[in-house]
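J.: Take a look at the following structure, please.
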Amino acid sequence: MSPTVFAQGHTPRIARTSARRSVIPGFGLTLGYTLLYLSLIVLIPLAGVFYKSAGLGLEGIWAIISTPRVLAALKLSFGAALIGATINAVFGTLIAWVFVRYTFPGKRFFDAIIDLPFALPTAVAGIALTALYAGNGWIGQYLEPLGIKVAYTPLGVIVACTFIGLPFVVRTVQPVLQDAEQELEEAAASLGANRWQTITRVILPTVLPAVLTGYALAFARAVGEYGSVIFIAGNLPMVSEIAPLLIIIKLEEFDYAGATAVATAMLILSFFLLLVINALQAWARRRHGGKP
Amino acid sequence: MDIRIRNVHKHFGPFIALGGIDLDIASGELIALLGPSGSGKTTLLRVIAGLEFPDHGQILFGGVDMARHPVRERRIGFVFQHYALFKHMTVFENIAFGLRIRPRNQRPSTSAIRARVLELLDLVQLSGLEQRFPSQLSGGQRQRVALARALAIDPRVLLLDEPFGALDAKVRKDLRQWLRDLHHKTGVTTIFVTHDQEEALELADRIVIMNGGAIEQVGPVDQVYEHPRTPFVFDFLGGTNVIAAELRGRRLWIGDRDIAVLHDSIHPSGPVDVYVRPGDLRLADDTAPGIQVEIQTVHRAGPIVRITARTEATGQPLSIELPHLHHDVPCFTVGARLRLRLMQFSVYPRSLHIPERTLPTPILIGRERTRVHPY
Amino acid sequence: MNTVSDGLPQSPPPSPPGIQHHPAPLIERNSAITEPAWVRWSLILVALLFLLGFLLLPLVTVFVEALRNGWSAYLAALTEPDALAAIRLTLLTAAIAVTANLIFGLAAAWAIAKFEFRGKSLLITLIDLPFSVSPVVAGLIYILIFGAHGWAGPWLMDHGIKVAFAVPGIVLATIFVTFPFIARELIPLMQEQGTEYEQAALSLGASGWQTFWHVTLPNIRWGLLYGVLLCNARAMGEFGAVSVISGHIRGQTNTMPLHVEILYNEYQFSAAFAVASLLALLALLTLGVKAWLEWRHADQLAATRRH
């Protein structure tokens, strides 16, 4: 079988050598376009941020990040995202369980609604959550007398982070629960395990990699979230101001260096999270590799 | 532990999985539940285990009715078809599971658990693999881990669902022998489900043949094989040829030939079907009673020759397995005519004929079957 | 009431055999592996309350607030010139971004699914990269390039091309944040389908393009639609990235989400919610079609799904 015509083009050498034996055409064209488009839209612009921040030097970046206002914003962004992801890990797993294992009226509808945070524009979610959790809102009016203020406080940021991250956990755990063999639970029961032991020792360990992956995904999304957060946050400097908003404020002050430094800190964390997610998935594959 | 099953019924929606099962199993027996898919054999096993509950009926373990007790109270060892090993646990943790989850006052000490697990690993010949994960084991090894895990809780009865179904032919043969030995060593009452008649015949003390949610026949392996009570059982235990015949008094006629006298027949005269296994046909000389066939295909398979032929008297197809003997070979050509003797056969009234082995059959009442040796 | 640990409800005494034709199961089916009814219903209740508070009520709020001042105010808010301009810009942006990412998604999926090459998993990771970048940072990176103080900005502006604070910037930022949607739907799907169909078509004498049009595309069309659907929802709704790069010029660089923000910040709440309700309707439509696709064409969607 001869190499395809397209594969003669300007493709990276490594790629071409290993694809040579394929009879299917279009390798050079499609991979070339993929790499070009990826570079132009994503890689080069992102590299620009690092190039710019490299100009600041480590000390320069640190000087900007270590100002109290930036630190407070980063702390809030990460803290709220972490708490939101934790809430989602717990309730998302519970929701996935309920949807996989039980039948109840309206199940189909609620199952479809779970994806709402993916489909609803973040700004819309932001103003809706604000209206709902404000002191005169449907939910806020019951929380306010209890002394719980949600809107315009860090608690509001957590609520928004929970909203935005929920589907990540549910949709990661759901298929794993779906595929979990009932035989495993029957085996545990036949060996004398009660229901609680079966759940904690057999089912949860089986879905744990999925829960952690969903947790990391929800966290990654919530850290950088802007639209659904800024309306409900109140944006008080040092109290309820999130890191992405700080980037915008610095940009509006034409403080490009400051904006870049904060962005770099966030990007590095995001890439780290991406690595963690990939490692988790690799771990899950290894652990559940091979046939049952 | 002896097990008695009394009038057990189980339905799933409109489907009747078990239609009134009665069965006695003696302590220490090795029993096979054999039947086609949908015959109820797996449901029966699961009902005994407590993984399903019967609609009504009793499951007596040593005289105590366990039918309403959940599986975890029954102390049974269940080996699943796909083993159901806990993937996130090592081999050691899998086997120790049933002991570690016991309430504190009944739980053996850590060292006792360790000793028990190592002893079981030795029994199933997997010593040294205790730190492996299930994904690092071969199919046969997983099977043995599953067995060791089930044995760890010192079960009163061992239940195996298609224990060799997921293994390849070679491993399957080795494990069969090994399971027999293991049963001999442990003496645990063992029930296994299979759809493979060869497996059942080779392993079990007694076999239970099931069909359409009912038991067709129970008995020691040889007895069931030699004396199938119904055409279904005959058909299920190996290949079958059916030849239309007629009973006139005690004489059996195929076409215009009188081929046998049935000494103990209580069939009324009339049309009957003769069931004969491919291996129970032999070449006959011209003077002996027998049937005339015409060869259609010849296929040599090692020590035997497989022939398909047409019965001249009735036009029915016939498959024949003959030993591959040199002096016979010249006659085995397509179109040649052979004369065959029916070494062993069964006769059933024509109405009992079952065309499809997977079709559930009604429970046959007053069925008659006569077994004769041809003269 | 039974506790979780003591297991199953006590069975009623067995009914006399032969009387009932369809006796109720004495113990719930699969009782070995399910919880008592009160545990089940408590869990269902908790799950639904959570979904109600976090998802359903916010959605309902949008429509209630939008109609607070009546239908005429609602329609007026939607037909106001700035709102119409925002709708037009949103549609235009989404159309360009979805098309661009569709072409990319097909190319990337073809290269990755049909061929083996080193660095493939790295490439897949890089394609996913925009998902883990904050939308605000996505806007920032283009400002750094195309802004007045950026690397390419001044030169482009000298030649009369404005990217930042203009429509091209909005489109670019939208493409960035929706970059992986279609590709990551198609890659696993086409990997699952393998190359046998294509090889069969080629062996029958089809050209590369014919193979793609007549064999590959029909096999992935529902997956493709699924990816386009999600890509479009995000493209029309993107806020953070667009907010950074748009400059918020009313009637010119205002998309619908930005318009919502402006109205909201001007305390025109019903008008803000009116425009938001259009976006919410879009979201509902997206969810509806998505659910339909998952129900009707599950076989043609990628096995693993995460957004």
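Every residue, even glycine, has its Cβ placed from backbone N, Cα and C.
Annotations per TrEMBL:
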type: DOMAIN; residues: A:74-277; note: domain 'ABC transmembrane type-1'
type: TRANSMEM; residues: A:23-51; note: transmembrane segment
type: TRANSMEM; residues: A:76-100; note: transmembrane segment
type: TRANSMEM; residues: A:112-134; note: transmembrane segment
type: TRANSMEM; residues: A:146-170; note: transmembrane segment
type: TRANSMEM; residues: A:202-223; note: transmembrane segment
type: TRANSMEM; residues: A:229-249; note: transmembrane segment
type: TRANSMEM; residues: A:261-284; note: transmembrane segment
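For each listed feature, how buried is it and what is near it?
T.: Outside the transmembrane segment (A:76-100), and at least 6 residues removed from its termini, the chain residues within Cβ reach (under 8 Å) are 107, 110-111, 114, 154, 157-162, 164-166, 168-170, 173-174, 177-178, 207, 211, 214-216, 218-219, 222-223, 225, 240-244, 266, 269.
Listed as Cβ neighbours of the transmembrane segment (A:202-223) (distance under 8 Å, sequence separation of 6 or more from its ends, same chain) are residues 77-78, 80-82, 84-86, 88-89, 92-93, 161, 164-166, 168-173, 175-177, 180, 184-185, 188, 193, 243, 266, 269-270, 273-274, 276-277, 280-281, 283-284, 287-288.
Long-range contacts of the transmembrane segment (A:229-249) within the same chain, counting only residues at least 6 positions beyond its ends with a Cβ under 8 Å from a Cβ of the stretch, are 68-70, 72-74, 76-77, 80, 123, 126-127, 129-130, 133, 150-154, 156-157, 159-161, 223, 259, 262-263, 265-266.
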J.: Near the transmembrane segment (A:261-284), which residues from the same chain, at least 6 beyond its ends, have a CB less than 8 A from one of its CBs?
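T.: Contacts of the transmembrane segment (A:261-284) (Cβ under 8 Å, skipping residues fewer than 6 from its ends): 46, 49-50, 53, 56, 60-61, 64-65, 70, 73-74, 77-78, 209-210, 212-213, 216-217, 219-220, 223-224, 243-244, 246-247, 250.
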